[in-house]
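In Swiss-Prot this protein carries:
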MOD_RES   Ser262  phosphoserine
REGION    256-291  region 'Disordered'
TOPO_DOM  1-19  topological domain 'Lumenal'
TOPO_DOM  71-82  topological domain 'Lumenal'
TOPO_DOM  122-139  topological domain 'Lumenal'
TOPO_DOM  196-207  topological domain 'Lumenal'
TRANSMEM  20-33  transmembrane segment
TRANSMEM  51-70  transmembrane segment
TRANSMEM  83-99  transmembrane segment
TRANSMEM  105-121  transmembrane segment
TRANSMEM  140-156  transmembrane segment
TRANSMEM  180-195  transmembrane segment
TRANSMEM  208-227  transmembrane segment
Amino acid sequence: MDSPWDELALAFSRTSMFPFFDIAHYLVSVMAVKRQPGAAALAWKNPISSWFTAMLHCFGGGILSCLLLAEPPLKFLANHTNILLASSIWYITFFCPHDLVSQGYSYLPVQLLASGMKEVTRTWKIVGGVTHANSYYKNGWIVMIAIGWARGAGGTIITNFERLVKGDWKPEGDEWLKMSYPAKVTLLGSVIFTFQHTQHLAISKHNLMFLYTIFIVATKITMMTTQTSTMTFAPFEDTLSWMLFGWQQPFSSCEKKSEAKSPSNGVGSLASKPVDVASDNVKKKHTKKNE
């Protein structure tokens, strides 16, 4: 007989994301679009462009994973129900009378609920990406990690293409160069679920899904309640960097010291030469006067 914990985790892993969790994901994604400078005015001026941007935020992970697996990038359009649902969320968010949706979303409990439900969908996307990649490349763990990462956090990456088309792209805002917290935590989850799928972790999938979801939901709520934009992995990253690349630091410090000493020696030798020349001239003048 299974324990209550296993029964709870198994029931949680069988929870359907449609429609409530998908609605929360679309709402948070569309609200992120609306909060961009000039997004509301663009929706009235060019609604097609605004709708396209919102769909990239909602389905960016699926689009990126399709591109990586050489599948049709417009495959997400085949799911008419989700497209209509996301489009409805976009419409009422931008064109609701008196901006009621944005006013309701401005309350912190509503934001906490929607953001927490969105993080639940992140777990399902990572697991779906890892499983889908395994159907193409059996136990190809690098591909599985990449597709799981793309499926879970591809929305923040694929939107760089949208900014490039609009002329708002900046190199310092590239997700590949400066990874955000969602991208890092999704990459961590993709690695963990890949190892579990390849049987390198002795834990069941439903238990891992439950534990990982609790972790990302708790950290997201903590970030929002404490009003911190990121929860850094800096201690772990610094430790890993020291373990892998720390041996290079002594050599680099020695090189810097040698470079610092060499200019000073050169300056001293150059400065001593005029003094020696001046002393020789004074001696010559003194001898001439004596003569």
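Here the Cβ of each residue, glycine as well, is placed from N, Cα and C on the backbone.
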Selected stretch (most C-beta pairs under 8 A with the transmembrane segment (105-121)) from 51-70, 180-195, 208-227: 208-227
Beyond the flanks of the topological domain 'Lumenal' (71-82) by 6 or more, those residues with Cβ under 8 Å of it: 18, 22, 59, 62-63, 65
The transmembrane segment (51-70) versus listed stretches 83-99, 140-156, 180-195, 208-227: most Cβ pairs under 8 Å: 140-156
Residue distribution over DSSP helix, strand and coil in the topological domain 'Lumenal' (1-19): 10 helix, 0 strand, 9 coil
Helix, strand and coil totals (DSSP H, G, I; E, B; other) for the topological domain 'Lumenal' (122-139): 15 helix, 0 strand, 3 coil
Chain residues in Cβ proximity to the transmembrane segment (180-195) (below 8 Å; excluding those fewer than six residues from its ends, i.e. six or more beyond): 122-123, 126-127, 129-130, 141, 144-146, 148-149, 152-153, 156-157, 201, 205, 208, 212, 216, 219, 223, 230-233
Per-state residue totals over the topological domain 'Lumenal' (196-207) - DSSP helix, strand, coil: 5 helix, 0 strand, 7 coil
